[in-house]
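Participant: Structure provided below as structure tokens; questions to follow.
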Amino acid sequence: MATSDAHRLSLPVLLHVTTLLLSLLLTCSQALSPPRFTKVPVDQIGVSGGVVSFVCQATGDPKPKVNWNKKGKKVNSQRIETIEFDEGAGAVLRIQPLRAPRDENTYECVAENSEGEITVSAKLSIIRDDLLPPGFPNIDMGPQLKVVERTRTATMLCAASGNPDPEILWYKDFLPIDPNVSNGRIKQLRSGALQIENSEETDQGKYECVASNVEGVRYSSPANLYVRVRRVPPRFSIPPTNQEIMPGGSVNITCVAVGSPMPYVKWMLNAEDLTPEDEMPVGRNVLELSSVRESANYTCVAMSSLGMIEAVAQITVKSLPKPPGTPVVTETTATSVTITWDSGNPDPVTYYIIQYRAKSPDSKYETVDDITTTRYSIGGLYPNTEYEIRVSAVNTIGQGPPSEPVETRTGEQAPASPPRNVRAEILPQNSMVVQWEEPEEPNGQIKGYRVYYTMDDSQPMSLWHIHNVQDSILTTIQSLVPEETYAIKVLAFTSVGDGPFSEAVSVKVQQGVPGQPSKFQVGAVSDTSIELTWDPAYDKEGIVRYELRYAEGKFSTLIKKDFPPRRSYVVEGLRPNTEYRFSLAAISNKGIGAFTNEISERTLQANVPKNFTVKWVTKTTVVLAWKFSESRSPYKCTIEYNRQKMDVDARQLKMFITGLRPNTTYEFRVTCQESMDGGPRHRVVARTAPHILVKKPKLDIYAEPENILTMSFPPVSTKDVKNFYVVVVPLKTTTGTVKNLKNPDEMDIEELLREVILKRRSRRQLAQLDQRNPYITACFKQLPTSFTVGSDHYLSSCENKPLEPGQEYVFFLLAELNATVGKMFATSPHTDTVTTPEMVVDPLPVETGDGLIWVVGPVLAVVFIIGIVISILLLKNRKRKESEPRTKCLLNNADIMPHHPTDPVEMRRINFQTPGMMNHPPIPISELAEHTELLKANDNLKLSQEYESIDPGQQFTWEHSNLEVNKPKNRYANVIAYDHSRVILAPIEGITGSDYINANYID
């Protein structure tokens, strides 16, 4: 039983071992193989002094080793080189330069491994340069040195000739190029050129073009291809910024880094990574923080294979600052207080605010802010006044609570105003009493008063008599000279000094005469009269009348007027614009009192132009207007501006000033008759309108019988436009003559707008309107693309009246703009002239017979002659066209081919319209010169506006401008040449970037 079991077990084991041994034998027999050639060299005919290469490659297992022999020996020469490839299983034998007959021989390629050795041979023949056969290959154009940026396409050119046509092969670094192993990345074009797409660093090397046919083989000069790789270490294009937030607030911190290769960006807090390693974004990382309670520093790290950089963002959790310490007064004067204080805040304070007020129940705090120090002098205070002062701090969050206030009093000063209401009264025995009231601004404690008096007020004050008074506001002065008039002035003084003198009052030392009238002043004034008012003089006896003395100017004869007692008087019959001086005295039965001090006043100007203003402006015209009463005689005014001068009659009430430059500020100085002697002049400033309506509307007549036409408008920027108006200008007068066409800018626009029809009129009213004057036919808030003229409909309260048959018209567009002074209008150029058809009238019956023949006959003869002339001209024109070269026809055909834009600017204009594109449409070549002159006008203003309107969102590439070799050629860092439209120069061999210039073609 045991034996049979053992036998049963050993059979499967033997089968398994046998199978394993057979498989090993089969594997060994399949893996080991002798060498076998996959590329064999061919016989070659070279030219003396040239180059030949023999290529040999073998396969086998183990991989064979390939060597080159000459006559059974290894080749050994400075001119003969063996270049191995495929780990030694392939070798190129390169002989350069060829020497005849030394190099003419048979060369053997030997491939050997442990399983065997095989040999193949190739023969080399060499022909002298002067004995080359006619069909020997020739390189007409060899490859040139080329520099290409990695991933771009490089093309190495080669052209060869021979008979038969030679075959072209390429070598790189002396090894043959096989395009089939590049997955289509490297191609040899039918022209023989080598095209390398998506270039890599391994494509860099020395390239040769080889042309061969049955006559021989010819090599081009080698040319290097350089593949440049942009290597830029990381840098922060948008570094993180410090932020200050309120407690519990949220903030996003953005960090953007660039470089080549683009760096990874992560955030760190101290040593903790806030961005997981496997989620690190490239280029940009935004850190989102919420419910922040503590200040911290967050680090942005950007890293690439070329390095690592860091930037720190400080997040500060802020709160309102604490109150500063109580201010300390360090110095006081009569008008200022100097204080210092302690900040009271550990965190930085942006600035401090000081609040102060006079210590009285109804006073309010005044504020001084933007104080960056802890010491400050508050000026402009009132003397001898108690003030309350406090300080608060401000940070980026806001203003904190104020400090405890400090109280202080300013120092004394001499009184700032004189004593008030000084009065003098004569007493018996040649004495007088003088009384007054305290000054309004004593600036301290009044220590006393000084009364000055004299009989001659022309003397200096130092020669006047002085009478000192203390603790009183009246005093008696004795021993006066009878019948004399005294002038009296009073001042107050403090411990610091004397205040100013009061106005002089006069008193006559005569018992019973009235005192001096008080508060003598001017009331209403006209061009021929002046009103005077006063308070009655003090008098015991009673005033019986007043005497008024006045004169024109300083040296004219005094005029006297007497009138009964009153409180006012109007002096009439005065001259316009003339200065008069007045004084007044009261009279009693005892005599005349002292006269008041003289007062002066000028009468108003007579009927003169006034209120000069800007009525309206256009781009070349300013209309000035003024007010002037009706006058029969001319009244000349002169307007000066920009060294130009013009005279105008003031009765016109307005003046058109034309020929100005658009969008320019002008100052007009107006001098009228009353100011020719150097009196007041009028100054008016105006700015002309910008040139926004550059192009004229276009007309298209489509229905002649109804006298209706369509008008289309070019695109217009509507940013500053309030209203658009379409203006119709008839050219024929009632007599049929054609009027002189006036520039739209110089028309009376106010008159045009006055004629806008606000409500529908009857047919009879329309018939009465003179349709031969310019009128507004349509009003728009938004300008449509087209508009039908003469449709007899209302358009925004403007009546689109039918056009008159047989009339000639031009039209223009009027825009009312927003303006700060007056009104501003922009006008387009006139349209082309258009004539409406005459009204069709049924013809009257005409006589038939011989008379008709005499009319029709000559007409038919003229028509026949005109037809013959036109036929001759057409025939000549056709012959001239046929004689023109065929190229002309081809160009004409090209002109009518459909246009499929490929330019990036044009594609973006079609697909991504922006406001800048809509406001600046393409300019036709025929209008380019006119458009350029328009841009240059007004000191290149339009050019500046067009440049500023360029949409910064346009995304075009400028990689050539960013190359290091080209950066020094850029005039400014931000003035670059776009790749799609840059000017490309003819490259210079061996000079990288020689095809670059900082210039673009006009898109």
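Note that Cβ sites are derived from N, Cα and C of the backbone, with glycine treated the same way.
Bear in mind that the values here come from a model prediction, so they are computed numbers and not experimental data.
Just lifted these from TrEMBL, have a look:
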DOMAIN    35-125  domain 'Ig-like'
DOMAIN    137-226  domain 'Ig-like'
DOMAIN    234-316  domain 'Ig-like'
DOMAIN    323-413  domain 'Fibronectin type-III'
DOMAIN    418-512  domain 'Fibronectin type-III'
DOMAIN    516-606  domain 'Fibronectin type-III'
DOMAIN    608-692  domain 'Fibronectin type-III'
DOMAIN    943-1003  domain 'Tyrosine-protein phosphatase'
REGION    397-419  region 'Disordered'
SIGNAL    1-31  signal peptide
TRANSMEM  852-875  transmembrane segment
Participant: Using DSSP, what is the helix/strand/coil residue split across the domain 'Fibronectin type-III' (516-606)?
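Facilitator: Going by DSSP assignments, the domain 'Fibronectin type-III' (516-606) contains 0 helix, 49 strand, 42 coil.
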Participant: For the domain 'Ig-like' (234-316), DSSP counts of helix, strand and coil?
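Facilitator: Its residues fall into 3 helix, 57 strand, 23 coil.
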Participant: If you run through the domain 'Fibronectin type-III' (323-413) with DSSP, how many residues end up as helix, strand and coil?
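Facilitator: Taking the domain 'Fibronectin type-III' (323-413) as a whole: 0 helix, 41 strand, 50 coil.
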Participant: What counts of helix, strand and coil residues does DSSP assign across the domain 'Fibronectin type-III' (608-692)?
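Facilitator: Secondary-structure breakdown of the domain 'Fibronectin type-III' (608-692): 6 helix, 44 strand, 35 coil.
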Participant: Per DSSP, what is the helix/strand/coil residue tally across the domain 'Fibronectin type-III' (418-512)?
Facilitator: 3 helix, 45 strand, 47 coil
Participant: Pop the mean pLDDT for the domain 'Fibronectin type-III' (418-512) in here, whole number is fine.
Facilitator: 91
